[in-house]
Amino acid sequence: MRLVFLGPPGAGKGTQSTRLQQKFNIPQLSTGDMLRAAVKAGTPVGLKAKAIMDAGGLVPDEVVVGIIADRIDEPDAKEGFILDGFPRTVKQAEALADILIKKNMKLDAVIELKVDDKALLARIENRAQESLAKGETIRADDNPEAFKKRLESYHAQTAPVSAFYAGKGALKAVDGMAPIDDVSAAIEKALAF
């Protein structure tokens, strides 16, 4: 099973991908984790990413796409994978489609978690309060202003990816406003398990 999770920050993509990862024993692939692993392993793409990151730059699409192309060839991804946090743009979605064609693979589905912006802000504020109550450090991007910027960026850059996948008949929209277990059940129903 090869899946992509889409949705705004705070929608529950990480929570739901982790549940599917555990249920189906397939890796959840995070672009940030993959970049760090490629740098640590000293792969050619990792070395290129390291040079860019060390200079304070943003890693360009072709480097991120190269890391994903390498990662999905690893043995643990043979039976499938869940991409969380990628693709973020239509250009990246097109590049992913090209990679999969070259590898004779296809996505089984693209799950989009739909959550109202006001509910997202409330979730982030709640997460920050829970972290404080536990004595944990609040994530830098969990303050309301930073979150609003992330949400604006999502609507401008990542939301069009939904239309891209809808046009290919791969998009499965799921109401992410429900309780976690209900969202999980809706995802499984959308995937027809």
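Each residue, glycine too, has its Cβ placed from N, Cα and C.
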Among Ala69, Ala77, Ala178, Ala185, which residue shares the ATP site with Gly10, Ala11, Gly12, Lys13, Gly14, Thr15, Arg127 according to Swiss-Prot?
Ala178
Just name the most isolated of the binding-site residues Gly12, Gly14, Gly57, going by other Cβ atoms within 10 Å of its Cβ.
Gly57
State the Cα to Cα distance, in Å, between Arg88 (AMP binding site) and Ala178 (ATP binding site), rounded to an integer.
24
In terms of DSSP three-state secondary structure, what is the assignment for Arg127 (ATP binding site)?
helix
